[in-house]
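Taken from TrEMBL, the feature coiled coil covers 85-158. Per TrEMBL, compositional bias 'Acidic residues' is recorded for 1-13. According to TrEMBL, the feature compositional bias 'Basic and acidic residues' maps to 24-35. According to TrEMBL, the feature compositional bias 'Polar residues' maps to 41-54. Under the heading domain 'MYND-type', TrEMBL lists 165-200. Summarising the annotation, TrEMBL assigns region 'Disordered' to 1-69.
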């Protein structure tokens, strides 16, 4: 028992060297704790909660502002796109109407030109036919006139070769005297009693 008590007293009463060593270690620990106090504060739960809370508020504000700006941009973009689409559609409609009018005018002018060309061709053909018809008529008229003149000359010639009744101008068959002939005895008697007996040149 005496040895046990001595050992316990030795444990409870450390030596002066041990006490000095412990004091030195405590001072070093206090010095280290003083040097890392800022990092300890950063690692403390209260600091993390405060920092994260402030960062979260800033992020929410920034996010809300970004969403609001984005929504405004999208609205402006949609409005601008709508206006541009309407303007393009209106311009397309105007261009289409103008193109249709130009095509219609071009077709109308082409039709008029073709009509005028066709009318000119028909008139030219009619003039040529009329000229040919005039030439044919002139040739036919000249031929007919020549035939009539020839027949007239022949009739005159035939007439000159014949003798005619002095009384009725029919073809004569009886000769009385110079330039006095009769077609029948009846005409001779009528003319004789009327005037010829006073001027007859036939020798009695």
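Just so it is clear, glycine is given a Cβ too, placed from its N, Cα and C backbone atoms.
Sorting each residue of the domain 'MYND-type' (165-200) by its DSSP state yields 15 helix, 9 strand, 12 coil.
The coiled coil (85-158) scores a mean pLDDT of 92 in the predicted structure.
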